[in-house]
Amino acid sequence: MKQTAILGAGVMGETLLSGLVRAGRRVDQLLVGEKRNERAQELEERYGVAVVGNADAAAKADTVALVVKPQDMADLLDEIAPSLRAGQLLVSLAAGITTGFIESRVPDGVAVVRVMPNTPALVDEGMAAVSPGSHCSEEQLAEAESLMSSVGRVVRIPERQQDAVTAISGSGPAYIFFVVESMIEAGVHLGLPRATATELVIQTLVGSAKMLRETGTHPTVLREQVTSPGGTTASALRELEVHRVRAAFLAAMESARDRSRELAEGD
Ligand SMILES: NC(=O)C1=CN([C@@H]2O[C@H](COP(=O)(O)OP(=O)(O)OC[C@H]3O[C@@H](n4cnc5c(N)ncnc54)[C@H](O)[C@@H]3O)[C@@H](O)[C@H]2O)C=CC1
Ligand SMILES: O=C(O)[C@@H]1CCC=N1
């Protein structure tokens, strides 16, 4: 019976855990390692999953998902390294942490896959990008992909693109929620009840996302279809350009990419 351990069960760890359970993974094939006792207890009660020590989980599992903050990764690896053996697979979901960083801290022959997931995995609409480390077999990479495909889509990318991916899809949901918040506030400023503004914005987002996915039409064309000559949309879009929103998105994502690079240094 193949065992999968999840070490670090905060927002992303629980997202992965819940997705695996929804996808039909038996709870007796799952182990969780979590530092905070009250959190560990909560997860045991919610999912019926066994929460054990990190070293114990690492020794028993075939696949170990590392879902702690980048700043906590070195300590976690020091703790579990003596329990690991060649042939096991480590799947890191941490921003910035390279496969080389992990490989240099665990026994030879332990395979590493770096993944950048995102929180829509909570509703099985996640986007994950996976990159193999230096000695990861096709079968092990497929195992990491299958872990993530239980909660959404998966793409394979070269590891050098991981910091950019982190800036786009890893952090991406936060930008979208920020836009949604801003539009709801604008609706309230324009005199709409908050509940009405919220419903209008969320359905507009869902409908627009569905159009992008289902028509396959380029976003520029879809935007042009909404923009009547001399109309309301053109007027609004001119304001967004005047306020340099496009440039702000570029600067924001460059900043996220650079921060991802820094996290590897432990800052
Ligand atoms: N939240 C997000 O949207 C995304 C997060 N990630 C990555 O996922 C990782 C976790 O992020 P979050 O879940 O947001 O953080 P979080 O702070 O919610 O969760 C981290 C968990 O790890 C636990 N922990 C810390 N040290 C531990 C140890 N030695 N042993 C066991 N448990 C330990 C903490 O108690 C906490 O519950 C990060 O590396 C982050 O870069 C990646 C993509 C998206
Ligand atoms: O903010 C962060 O560092 C993590 C990585 C991507 C999304 N959340």
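Backbone N, Cα and C define each Cβ position, glycine as well.
Taken from TrEMBL, the feature domain 'Pyrroline-5-carboxylate reductase catalytic N-terminal' applies to 5-96.
In the three-state DSSP reading, Gly10 (NADP(+) binding site) counts as coil. In sequence order, Arg39, Val67, Val68 are the residues of the chain that are 6 or more apart from Gly10 (NADP(+) binding site) and have a CB within less than 8 Å of its CB. The NADP(+) binding site annotation in TrEMBL covers Leu7, Gly8, Ala9, Gly10, Val11, Met12.
DSSP gives Asn54 (NADPH binding site) a helix state. Annotated NADPH binding site per TrEMBL: Asn54, in sequence order.
Under the heading domain 'Pyrroline-5-carboxylate reductase dimerisation', TrEMBL lists 159-263. Break the domain 'Pyrroline-5-carboxylate reductase dimerisation' (159-263) down by DSSP state and the numbers are 90 helix, 0 strand, 15 coil.
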Spatial neighbours of Asn54 (NADPH binding site), counting only the binding-site residues Leu7, Gly8, Val11, Met12 and Cα distances within 10 Å: Leu7, Gly8
Beyond the site residues Leu7, Gly8, Ala9, Gly10, Val11, Met12: chain residues whose C-beta lies within 8 Å of the centroid, for NADP(+): Ile6, Gly13, Glu14, Leu16, Glu34, Val67, Val68
Neighbour count (Cβ, 10 Å) for Leu7 (NADP(+) binding site): 26
Asn54 (NADPH binding site): tally of other CB atoms within 10 A of its CB: 24
